[in-house]
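Undergrad: Let me begin by handing over the structure; questions about it come next.
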Amino acid sequence: MAVLAYNLGKREINQYFSIKNAKLLAAAAVVLLTVFHAASRHYGSSDTCDWLLSSGRFLGDNVWQPYGCMLHKYKSTEAKFCLREKRIAFVGDSRIRQLFYSFIKMMNPEVKEVGNKHENIPFVDGDSTVNFLWYAEVNNSLKEQLMLWTEGSASKPHVIIIGAATWSIKLHNGKSEALFQYKANLTAIADTLEKLAEHSEVYWVLQDPVYEDVLSESRKMITNEQINLYNEAAVSTLNTSKKKVKFLEASRQAAMETISQSVDGLHLPESTRDVGAMVLMNSMCNKILKPIDGSCCQSAPPLSVLQKLAAAVLLVSVVCFVLLGFSSHRKSRPAPDVESGEEKKHPAAVGQLNPKGPLLAIGKMSLIMLYFYLCDRADIFMKEQKFYTHSAFFIPLIYIFVLGVFYSENSKETKLLNREQTDEWKGWMQLVILIYHISGASAFIPVYMHVRVLVAAYLFQTGYGHFSFFWLKGDFGLYRVCQVLFRLNFLVVVLCLVMDRPYQFYYFVPLVTFWFAVIYATMALWPQILQKQANGSAFWNLALLLKLLGLLLFIGFFAYSQELFEGIFSVWPLSKLFELQGSIHEWWFRWKLDRFAVVNGMLFAFIYLLLQKYQLLSEGKGEPLFSNKISNCLLFVSVVSFMTYSIWASGCKNKSECNEMHPYISVILAFILIRNIPGYARSLYSSFFAWFGKISLELFICQYHIWLAADTKGILVLIPGNPTLNIIVSTFIFVCVAHEISQITNDLAQVAIPKESGPLLKRLLGAGVFLVLVLTLSQKD
């Protein structure tokens, strides 16, 4: 009865909320959000530098998140490179001196705070000069120093960081006359600061709050009320300058949350001072170094030649899409299946496809690529950095697994690793990887090591699936190869052109493509051994095992010959495909990390198909895979193996050391046995996970730009100020886009890859010319 009610309820929901309706809702949300953010940028503050300097919040201990953009954590080498041949002056009181020390420690962490309290402090590092000038009050002495810089009689700094107020409050006991004099003195230097701002960067540091409870008697008059009055005076006076002196307010906001940790109530704890220093460094250097994880103070990058050509093609496609109209969209496609929400497969031959179909598909793909560009290249949407907490990873993990169990259904097949089960496997792994990426869980080594197993499991499935196909069907035709390569690479090739990223940037697709080529070569080259050939002959089975052993030795040889490996892949045109930032090292690292996973998948497929052929497995519904004794034994060993691996991974302290062990330690086989030995487990699958499994490749690639941001370094912000709602909305749009791209890829594959040899060879020749042209243009770029 409960099952009937569940099925009726599911049918009722799908009648009103089909996949098509979900996509229409997602498209409407994209349009509204784009208009909202574009209008906010146009009519409001569109400068991310203003956001960086003015506001933010703590994500966790000492992790500062500016409003709407990402803060890059500068290393010493980066800071030195950015500030080479620059003169920087910190002007003010003891609080500015603290900021000065935090700033120069980013250039040289070994610096000690040993300068005299009320004197100037010089700092020279190579050809960079950073000086602290002691001016505790805004007075004539300060005005004279600023005048020297404007008149050119003293070397003018490239950057001036200035601020003072607490001494004025202290010396005049917080009297109102002192505030009036402070305003007058600020007015007197406002024009001078304006002139300096014409050729230098000038920052006025707003006063941080104090912790009144622990202030000494001599500082009791420095209250937060007084601090606020002096800050208001500074803003109202200096805001009138045409060049608009920049206000550093972010450190003040950070101090509001941490001032209670102050020892004397006046000076900030070092971690809070570091926030102000890092904000300043981002403001000065992001536009120079353009770090991908530092989106503050960066404008949209200029279009490359390839991007301009891609934009022209996509624009023509969009025009065709609009002209054809939505009414003619896939007339031959039947209505969606109410039960599953998926469109039913049309039985018509490929040759009967409506010629408008490919144009409509390309038009939709063009609009989707426009959304990708707006999300992660144009200066429209906000971005925030990741911050790992255990709850951010494990709570969503528990939630999706509860959903997965809730949507358990009887599988149509009960064979080991049947299609529904492999889709389920890919689905839950992909969801875990998505949560892993958005939560920044790579910072937690035990989670990182478990996710490494999931990536290896994808490659294991690659070996298992393609070996099984070639072994059973013996189809080594060009059509099959082109179909696989097109489905794997179509989205990535388009993204490389639109997002101006190298092929290796989307590392998983090059990895899977490479291993598919290896599997194909292993199975297709002489001696070509197939199941029908090996039937009844142990010799051919042994020959295939020797072939796999040869592949294993080949892999081992390259794994221990890094120079040879890098030498081969550094030759053009392979270098253009596998290099990242001019180096082949990333490809070497990715390849080496899971080098045995594909061979393990091939070997497992061979052994399984052999056992199946000789009827040594019980794959009936509800039956254990082996006899009860063997099944229980294998289950026990598998569970112990799983637990042992988890304990080992939890004890990992160093990523590089654990990565060295990773290729030799695998629990993939243990998982397969646990999932398949019990008959009841093999008879069920999660339709929830299986649905995501069918679009797992698209989900993995699309996350780079429309769910995460800054090429996976940050998080896309569609709904500012509400992280939970933002994740819900961006995830909904992201999944709908991935599903649509999957359908577009499948549709275009039928048209782009004809079965006839003649047309197929012509298109391959065209694809080759296109590839050479793209590689040549990218080299010139």
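The backbone N, Cα and C atoms fix where each Cβ goes, glycine too.
Pulled from Swiss-Prot, these are the listed features:
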type	residues	note
TOPO_DOM	1-15	topological domain 'Cytoplasmic'
TRANSMEM	16-36	transmembrane segment
TOPO_DOM	37-308	topological domain 'Lumenal'
ACT_SITE	Ser94	active site, acyl-ester intermediate
CARBOHYD	Asn139	N-linked glycosylation site
CARBOHYD	Asn185	N-linked glycosylation site
CARBOHYD	Asn239	N-linked glycosylation site
ACT_SITE	Asp264	active site
ACT_SITE	His267	active site
REGION	330-350	region 'Disordered'
TOPO_DOM	330-354	topological domain 'Cytoplasmic'
TRANSMEM	355-375	transmembrane segment
TOPO_DOM	376-386	topological domain 'Lumenal'
TRANSMEM	387-407	transmembrane segment
TOPO_DOM	408-430	topological domain 'Cytoplasmic'
TRANSMEM	431-451	transmembrane segment
TRANSMEM	453-473	transmembrane segment
TOPO_DOM	474-477	topological domain 'Cytoplasmic'
TRANSMEM	478-498	transmembrane segment
TOPO_DOM	499-504	topological domain 'Lumenal'
TRANSMEM	505-525	transmembrane segment
TOPO_DOM	526-537	topological domain 'Cytoplasmic'
TRANSMEM	538-558	transmembrane segment
TOPO_DOM	559-595	topological domain 'Lumenal'
TRANSMEM	596-616	transmembrane segment
TOPO_DOM	617-629	topological domain 'Cytoplasmic'
TOPO_DOM	651-660	topological domain 'Lumenal'
CARBOHYD	Asn654	N-linked glycosylation site
TRANSMEM	661-681	transmembrane segment
TOPO_DOM	682-687	topological domain 'Cytoplasmic'
TRANSMEM	688-708	transmembrane segment
TOPO_DOM	709-714	topological domain 'Lumenal'
TRANSMEM	715-735	transmembrane segment
TOPO_DOM	736-756	topological domain 'Cytoplasmic'
TOPO_DOM	778-781	topological domain 'Lumenal'
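Tell me what's around each of these sites.
TA: The local packing around Ser94 (active site, acyl-ester intermediate), expressed as other Cβ atoms within 10 Å of its Cβ over all shown chains, amounts to 16.
Counting every protein chain shown, the Cβ of Asn139 (N-linked glycosylation site) has 17 other Cβ atoms within 10 Å.
DSSP assigns Asn185 (N-linked glycosylation site) to a helix. Cβ neighbours of Asn185 (N-linked glycosylation site) (same chain, under 8 Å, six or more residues apart in sequence): Glu137, Val138, Asn139, Leu142, Lys143.
The Cβ of Asn239 (N-linked glycosylation site) lies under 8 Å from the Cβ of no residue that is in the same chain and 6 or more residues away along the sequence. Mapped onto three states, the DSSP output places Asn239 (N-linked glycosylation site) in coil.
There are 11 other Cβ atoms within 10 Å of the Cβ belonging to Asp264 (active site).
Note: His267 (active site) has non-local neighbours Ser94, Arg95, Gln98, i.e. same-chain residues 6+ apart with C-beta under 8 A of its own C-beta. Under the three-state DSSP scheme, His267 (active site) falls in the coil class.
Within the chain, the transmembrane segment (355-375) has long-range Cβ neighbours (under 8 A, six or more residues past its boundaries) at 30, 34, 310, 313-315, 317-318, 320-322, 324, 328-330, 332, 381, 494-495, 498-499, 702, 705-706, 709, 716, 737, 740-741, 744, 747-748, 751.
Among residues of the same chain six or more beyond the topological domain 'Lumenal' (376-386), those with a C-beta under 8 A of the stretch's C-beta atoms are 33-34, 37-38, 41, 46, 48, 59, 63, 65, 68-71, 293, 295, 299-301, 438-440, 499-500, 704-706, 709-711, 713-718, 720.
Using a Cβ-Cβ cut-off under 8 Å and counting only residues 6 or more beyond its ends in the same chain, the topological domain 'Cytoplasmic' (408-430) has close neighbours at 400-401, 454, 457-458, 461, 464-465, 608, 617, 619-623, 625, 672, 675-676, 679, 682-694, 696, 699-700.
Same-chain neighbours of the transmembrane segment (431-451): 386-390, 392-393, 396-397, 400, 646, 649-650, 652-655, 658, 662, 689, 692, 699-700, 703, 707-708, 712, 715, 727, counting only residues six or more beyond its ends whose CB sits under 8 Å from a CB of the stretch.
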Undergrad: Does the transmembrane segment (387-407) come close to the transmembrane segment (453-473), meaning at least 3 CB pairs under 8 Å for residues 6 or more apart?
TA: no
Undergrad: With contact taken as 3 or more Cβ pairs under 8 angstroms (pairs 6 or more apart in sequence), are the transmembrane segment (596-616) and the transmembrane segment (505-525) in contact?
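TA: Answer yes: the transmembrane segment (596-616) meets the transmembrane segment (505-525) with 3 or more Cβ pairs below 8 Å.
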Undergrad: What parts of the chain pack near the topological domain 'Cytoplasmic' (736-756), using Cβ distances under 8 Å and only residues at least 6 beyond its ends?
TA: 19, 22-23, 26, 343, 350, 353, 357-358, 361-362, 364-365, 368, 371, 479, 482-483, 486-487, 490-491, 694-695, 697-699, 702, 706, 763
Undergrad: Return yes if the transmembrane segment (688-708) and the transmembrane segment (715-735) have at least 3 CB pairs under 8 Å (sequence gap of 6 or more), otherwise no.
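TA: Contact between the transmembrane segment (715-735) and the transmembrane segment (688-708): present, because at least 3 Cβ pairs are under 8 Å.
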Undergrad: Mind checking which residues reach the transmembrane segment (715-735)? Cβ under 8 Å, same chain, six or more beyond either end.
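TA: Sequence-remote neighbours of the transmembrane segment (715-735) are 22, 25-26, 29-30, 33, 37, 67-68, 375-376, 381-386, 438, 692, 695, 699, 702-703, 706-709.
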Undergrad: Under an 8 Å Cβ to Cβ limit, what residues of the same chain, 6 or more beyond the ends of the topological domain 'Lumenal' (559-595), are close to it?
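TA: Contacts with the topological domain 'Lumenal' (559-595): 452, 455-456, 459, 502-505, 507, 510-511, 514, 659, 662-663, 771-772, 775, 778-779.
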Undergrad: Residues sitting near the topological domain 'Cytoplasmic' (526-537): Cβ under 8 Å, six or more positions beyond its termini, same chain?
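TA: For the topological domain 'Cytoplasmic' (526-537), the list is 470-472, 474, 476, 543-544, 547, 609, 613.
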